[in-house]
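Peer 1: Here it is: the structure, laid out below.
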């Protein structure tokens with residue numbers, strides 16, 4: 001409870017810790033700079049062949065050097081790779097792609113799209129690029145980050161997903177037609193992750209645009225899953241979103257469930273929300289009690305807790321990284337080392353691995369260049385600087401280059417036993433796998449900022465600090481700057497302070513002189529709205545007479561009462 005919450009504030013930048021030089025890589029003689037450049041070369045080998053052979057299709061087919069649409073005809077790889085370009089330092093290509101996307105991407109199309117995938121890849125990718133635009137040298141419009149073309153695109157895409165949430169339970173359908181909404185006869189069965197993986201993107205949208213509908217539907221879906229957990233505290237794999245009956249009752253941390261748990265933690269940190277964190281901590285207890293065996297996590301029956309599948313899935317490899325975010329680094333490292341042994345056995349993580357037999361599961365022998373184990377290594381290396389984590393990065397570079405690299409990019413590994421390839425390069429390879437590898441080998445990247453460097457921007461709502469670090473990665477590795485969520489609206493306590501200061505001003509204006517200074521014209525309309533919003537609070541609403549203390553979860557905000565803008569004027573106390 002309170003003891004755990006007390007350290008959540010510092011966890012925002014847990015992985016941005018900077019330890020003394022000379023630890024880690026030097027201890028094992030690994031040339032970090034060399035591997036960083038090899039990762040950069042991997043990115044451009046894949047990215048340039050996508051542009052040459054596959055654009056404007058969603059994905060590259062690397063064996064035939066052509067393209068295919070997979071998730072909805074959005075030029076998906078371009079959206080997914082956009083923030084990776086900036087992390088690699090390529091501002092000119094970032095700027096070019098922003099223009100290409102504005103001109104070429106249309107969401108008003110007759111396409112059946114995955115609600116989950118469209119959110120994490122398209123909405124998440126556009127939001128991240130929007131918030132990084134100024135850093136990338138894009139000429140942003142007045143009012144940024146509360147407005148901008150990429151933000152409008154993200155909002156348009158998200159609105160196309162909203163019909164999926166119109167169910168009796170608030171849990172969304174898995175598929176929506178972007179032109180017509182939910183198709184008649186659409187299956188009501190959705191996986192748990194497909195219900196609980198919206199709060200990071202949708203809350204960010206609500207905070208930036210001022211429209212609460214996105215955060216509201218995301219929270220309602222999260223709480224519906226929580227309400228329908230079993231008596232022993234577990235959730236299953238698939239549920240009927242109309243009746244709330246569990247269709248697949250296997251409980252675990254992997255496929256079909258994974259990012260629900262991830263978003264409870266990341267949503268708690270991003271929104272400074274104790275309720276979301278307490279929900280995760282309750283789940284974590286049940287997961288440890290029923291699914292954890294010798295630092296492996298099995299699949300169990302959600303009502304009885306009996307083992308149903310003694311397998312490790314490659315998608316579960318995100319878990320050590322998530323454990324590091326709540327400060328459970330020792331357990332995270334033990335589980336990570338288990339997973340690393342599987343990587344070393346095959347040169348990648350098979351989709352399913354039978355733990356008792358120590359081998360792959362039939363028809364689940366492939367490795368589609370997933371990022372999850374590398375993601376966990378990146379988080380854990382920020383927290384520990386253990387050189388073993390860099391060795392995983394080294395092994396990943398060597399394996400992917402040796403097994404997966406072809407003339408036109410990098411191909412999915414169909415079977416890790418004989419290294420047969422499949423004609424697909426998923427967009428997450430450039431969005432996540434390469435990005436986490438690069439960040440593992442680039443300790444000075446701006447993403448790892450510890451708060452010592454930041455930008456101050458002026459918005460219609462006042463000054464705003466951005467790019468100070470503590471980025472929250474969505475489940476497609478698109479970084480969201482948590483500070484941005486505080487740029488585009490006033491907190492209620494600030495509104496109360498406005499009212500108190502205004503009352504004081506009007507009661508004292510005959511006895512005390514004030515100087516009046518004209519505010520910028522663009523602020524006038526908004527300030528009038530702010531005053532109206534503040535003065536329309538219910539008369540009976542209680543206000544704290546003492547200055548409100550900050551939540552243990554919240555970052556202290558700059559003092560507000562030094563300057564007050566209202567009705568187009570700024571009042572400065574003449575003292």
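The backbone N, Cα and C atoms fix where each Cβ goes, and this holds for glycine too.
Unlike curated entries, TrEMBL annotations are predicted automatically.
The active site, proton donor annotation in TrEMBL covers 117, 351. Among the features that TrEMBL reports, active site is placed at 258, 372. The Ca(2+) binding site annotation in TrEMBL covers 475. The signal peptide annotation in TrEMBL covers 1-26.
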Peer 1: Return the residue, from the listed active-site residues 117, 258, 351, with the maximum count of other C-beta atoms within 10 angstroms of its C-beta.
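Peer 2: Its Cβ has the most other Cβ atoms within 10 Å: 258.
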Peer 1: Anything within 10 Å of residue 351 (active site, proton donor)? Look among the recorded positions 117, 258, 475, comparing CA atoms, and list what you find.
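Peer 2: Correct set: empty; none qualify.
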Peer 1: Between the residue listed as 'Ca(2+) binding site' and residue 258 (active site), how many Å separate their Cα atoms?
Peer 2: 10
Peer 1: Measuring Cα to Cα, how far is residue 372 (active site) from residue 258 (active site) in Å?
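Peer 2: Answer for this pair: 11 Å between alpha carbons.
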Peer 1: Validating a neighbour-count step here. Other CB atoms within 10 A of the CB of residue 475 (Ca(2+) binding site): how many?
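Peer 2: Excluding its own Cβ, residue 475 (Ca(2+) binding site) sees 25 Cβ atoms within 10 Å.
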Peer 1: Quick one: give me the count of other CB atoms within 10 A of the CB of residue 372 (active site).
Peer 2: 25
Peer 1: Take the C-alpha atoms of residue 117 (active site, proton donor) and residue 258 (active site) and report the distance between them in angstrom, rounded.
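Peer 2: With distance taken Cα to Cα, residue 258 (active site) is 14 Å from residue 117 (active site, proton donor).
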